[in-house]
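Here is what Swiss-Prot says about this protein:
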LIPID     C50  S-palmitoyl cysteine
MOD_RES   S64  phosphoserine
MOD_RES   S82  phosphoserine
SITE      W41  site 'Seems to be involved in pH gating'
TOPO_DOM  1-22  topological domain 'Virion surface'
TOPO_DOM  44-97  topological domain 'Intravirion'
Amino acid sequence: MSLLTEVETPTRNEWECRCSDSSDPLVVAASIIGILHLILWILDRLFFKCIYRRLKYGLKRGPSTAGVPESMREEYRQEQQSAVDVDDGHFVNIELE
């Protein structure tokens, strides 16, 4: 039941909807779109770092590590992770003289 399209009023027996066109296809479509929008917004807020990292850096896996020692692989992974982990809350102020 959408708060924007229906009005509830107390009656003798129970709460009753006074909206006569609630079965209108336009109202149904608007309700479905509203629910989908809410779900997508919640998912975006929950996973925004993962989503935007994927968009920014793509699905690239990096160069092949065949024949590379494990210590160098770990160092490469740490470099890649530190390049991705950017703290957006801090900005650098540069003053030119």
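Using N, Cα and C of the backbone, Cβ positions are placed for all residues, glycine too.
All features noted in Swiss-Prot, drawn onto the structure.
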{"residue": "W41", "record": "site 'Seems to be involved in pH gating'", "Cβ neighbours (10 Å)": "10"}
{"residue": "C50", "record": "S-palmitoyl cysteine", "Cβ neighbours (10 Å)": "9"}
{"residue": "S82", "record": "phosphoserine", "Cβ neighbours (10 Å)": "9"}
Rounded distance in angstrom between the Cα atoms of S82 (phosphoserine) and C50 (S-palmitoyl cysteine): 15
Inter-residue Cα distance where the pair is C50 (S-palmitoyl cysteine) and W41 (site 'Seems to be involved in pH gating'), in Å: 14
